[in-house]
Amino acid sequence: MTNLLDASSSGLQTAARILREGGLVAFGTETVYGLGGDATQPKTVARIFEAKNRPRFNPLISHFADAQAAFTQVVANPLAHKLADTFWPGPLTLILPRAPHSTVSDLAADGLPTLAVRVPKGETVQALLKLVQRPIAAPSANRSGRISPSDAAHVLEELDGRIDAVLDSGPCQVGVESTVLDISNPERPTLLRPGGITLEALQAVCGTIFMPETEVDAAPASPGRLLSHYAPHLPVRLNATDVAPDEALLAFGNTQPSEAAISWNLSESGNLEEAAARLFTGLRTLDKQGQSHHLRGIAVQPIPQHGLGLAIQDRLNRAAAPRPALPPEDLPA
Ligand code: TXA
Ligand code: MG
């Protein structure tokens, strides 16, 4: 079964040993919990997809303790160094050409000529990556298409029995995934996924940031941009200015409609950092309580469209998107 490890030195040693032996360990990062495995071992990477029930056409991010280690696997350009100096460790993933001698398996890179690399922030994940000294592939530690986990209990809800261990480092500080920026062509830095580093912060370093949707000849969109994603069981209604008696409310700010029987306020003071950190737990909580009270959906108040608001809205759009029939939560392996 899945071993729950604490962030003590013996917990870290155990987690590192499991990873080096090709096992799967979920661990906390500053963004969300990742489902980690040695990216150089194709069998391990295959187990990650299996544990998540994830479609195989999704390339994975390789995680490293520092930029020096990350840049052994890719061809870093001057912009990569500048971004790494500014934002690493931190919630930014860079897409760069794979180095000819890269040891990351084709399965982890999905056979692409590029590789996603990231240096996460946090004492526990940093200590773990230093011990392991391998590129660690780590998609978010949820079943494919479901809400990303922002604490160890969420990971166990989704993956207990399917992975070797969870390293508990407490709740995640940022709460939404890393920003994915394609700089394989440094002339056209392209935002593939909004996330923990804001568009404004990237623009301050890179100047113009390109968007795959609006640019005719931009790089192909991130293969992970499945429209329906982060999906709770209950349908989600966006930009709600009122709430029906049979809806749960995901509120933002201090203008929360008082009628809501079940609600979760992302941030009463209207703080977007706080809202991001509380997003996935809020969706999960409302989904559970709403279902047990036989509500018909989740209404979401408008989110300001600047700073981390873009990443929050992106996740909410996916939660609200039309979706294929979801497998039941307890689908056998
Ligand atoms: O915050 C995060 O990034 C978390 C934590 C655990 O680090 N990880 C995460 O991984 O969100 P995942 O696998 O759920 O999302 C990875 C994203 C996907 O959208 C994927 O398509 C994109 O990165 N990606 C990975 N490699 C790529 C590549 N070579 N080119 C374009 N997009 C890539
Ligand atoms: Mg994910």
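Sequential numbering from 1, following the chain as shown.
Backbone N, Cα and C define each Cβ position, glycine as well.
When secondary structure is read from DSSP and collapsed to three states, S178 (L-threonine binding site) falls in the coil class. Under the heading L-threonine binding site, TrEMBL lists T31, A138, S178.
Counting only same-chain residues at least 6 apart in sequence, those with a Cβ under 8 Å from the Cβ of H63 (ATP binding site) are T29, G34, G36, V117, R118, V119, P120, V125, L129, P135, I136, A137, A138. Among the features that TrEMBL reports, ATP binding site is placed at R54, N58, H63, T114, R118, S140, S148, R193, Y230.
Taken from TrEMBL, the feature domain 'YrdC-like' covers 9-197.
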Binding-site residues near ligand 1 among T31, R54, A138, S148, S178, Y230 (Cβ under 6 Å): T31, A138, S178
Secondary structure of S148 (ATP binding site) (DSSP, helix/strand/coil): coil
Residue pair S148 (ATP binding site), S178 (L-threonine binding site) - Cα distance, angstrom, rounded: 12
Local backbone state of H63 (ATP binding site), from DSSP in three classes: strand
Binding residues T31, A138, S178 (L-threonine) - maximum C-alpha distance in whole Å: 12
Listed in sequence order, residues not in T31, A138, S178 with Cβ within 8 Å of the centre of the L-threonine site Cβ atoms: T29, E30, V32, G34, I61, H63, P91, T93, R118, P120, S140, E177
